[in-house]
Amino acid sequence: MTVRTHSSQDSIDLALKSKVPKRVLKIKPYPQAQVTHSSEHISLLDKEAPPIRFNGLANFSMLLLGGMMIRLILENYLKYGLLIKLPGFEIQRVDWLTLVTCTFNLITNFLVSYAIEKYAAKSAIAFVKKGASFKQNELLAVDISTNKWILLSQMFLVFYNIFLPSVLVYKYMRHPLVGSLVMTFSVILSLKIFSYAMTNLDLRRAYMNGDEKLEDDILSQTKLSDMKIVLNDTKIKTSNIHPIKYDVSYPDNITLSSYMYFWAAPTFCYQPSYPRNKGPIRWGFVARRLFEILFCGTLMYCVCQQYAYPTLVNSVKAVETKNQAWISERVLKLSVVVSMLWLIGFYALFHSILNINAELLGFSDRNFYLSWWNSSDLGSYWREWNLPIHNFCKRHIMSPLTSPPLSLSIDLGVFFTFFISAVLHELIFGIPTRSLKGYSFFGMILQIPLINLTSYVTKIRGPDSNIGNTLFWISFCIIGQPFLVLQYFYDWVEYGNAINT
């Protein structure tokens, strides 16, 4: 029995060995005389060479950047120790009182703007009931006279909504970050009031003129003459890429719940209805975004306390001496911290906060940003990095300026758009730091020639060229933002010294 078992095992081993492929040796005759260079080749890094991947160099760059950041962390700790404090303790009582006052003002303006639109809706209903026999020019005249006081009231409210917080923050607030937060919210809610008023103005005009499909706008057939809108005989064909169609028609959309939803929604453009999620709230999605908000907020606070603040303090002497080389070194050192805060803040706001806001409200249009980091010119960046603001500017500034009755050129429309943006940026950053010297204003205005320059480079080099993208990063993150932060901080310190003396 043992012999049979042994022989059967041998047969199995032989069968297994027979299945193992034999190694075939390829022997070349005269091996040291083989042809090595047989055809034309281009170096991989040559301009005419086919595209190649640089994943390895990208990995090395990230590791090198990580090593440099670790070195900076150790250097900062050895030099300053631990500077991080619990948030909120350095905020003075007057700052909290000013914050509460401004919040009460915003809520009051919210209710007043709604009351104005409610009154306008009732007036429009009464107009429609008795205006069926009017001719088109009479309709236009009555339309303008009926809406101008409503429009003036809303515009005054928008101005007051920014003016009062500006005065209170400038006179009483001591903490620049809290002041910037108050001014930011004031501007945000003012833009929402403006959008609510102007959208309902157009909807009301269509309702009063019997244009149920919103396709025959009388203003598209008018011109501006002697500051009066008069009817033009020329018929202008209008068209919309997206038909103006909402689930709720005017004036049924003028409800407090609809207005409150718009105030909370992650958009600056009012609509009577929005695309909504049909499914339930994804609480797992909400939890992940909430964790991201907490993590990014904590990280930004630590970076500000441990790195940004001491770097800014040590930069004051450089600005005082006006040593250009020293100031340049400070700006470049700040660029690392500012760029880090910029990227973390962008992700926290435009991805985490806006997505959690949209999820809780069932707001299904989550297109808050595009791939602005690949921008080949500054124009692409401004169109892609902040879509809520871009959509507002396009809808409520560019379109009205370049459409009848104003019919301005595109260049003038772009200039006025950046001019308004420049004023608002100056208010947000200049008032809390007591530095109304036009840093942000002229920084925004200078974007126009920079856009033309980077667009020209992109046109010459092609959209896939890295030169335009490099100019974008240098002008915006490496030089632009750090320089503005340094100037505002210096003026804030100087204001504090003037108060103390």
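Backbone N, Cα and C define each Cβ position, glycine as well.
Annotated features in TrEMBL:
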TRANSMEM  57-74  transmembrane segment
TRANSMEM  94-116  transmembrane segment
TRANSMEM  149-170  transmembrane segment
TRANSMEM  176-198  transmembrane segment
TRANSMEM  331-350  transmembrane segment
TRANSMEM  408-429  transmembrane segment
ACT_SITE  His425  active site
TRANSMEM  441-458  transmembrane segment
TRANSMEM  470-490  transmembrane segment
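With pairs at least 6 apart in sequence, the transmembrane segment (149-170) and the transmembrane segment (331-350) have fewer than 3 Cβ pairs within the 8 Å limit; the two do not touch. Outside the transmembrane segment (149-170), and at least 6 residues removed from its termini, the chain residues within Cβ reach (under 8 Å) are 98, 101-102, 105-106, 109, 112-113, 116-117, 119-120, 123, 179, 182-183, 186-187, 189-190, 193-194, 197, 201, 427, 431-432, 434. In the three-state DSSP classification, His425 (active site) falls within a helix.
With a cut-off of 8 Å between Cβ atoms, the residues of this chain six or more beyond the transmembrane segment (57-74) that come close are 307, 336. Listed stretches 94-116, 176-198, 441-458 were compared with the transmembrane segment (470-490); the greatest number of C-beta pairs under 8 angstroms is found for 441-458.
Tallying C-beta pairs under 8 angstroms between the transmembrane segment (176-198) and each of 94-116, 408-429, 441-458 places 94-116 first. Within 10 Å of the C-beta of the residue listed as 'active site' we count 18 further C-beta atoms, all protein chains included. Away from its own ends, the transmembrane segment (441-458) comes close to residues 376-379, 382, 414-415, 418-419, 421-423, 425-426, 430, 465, 467-468, 471-472, 475, 480, 484 of its chain (Cβ-Cβ under 8 Å, at least six residues beyond either end).
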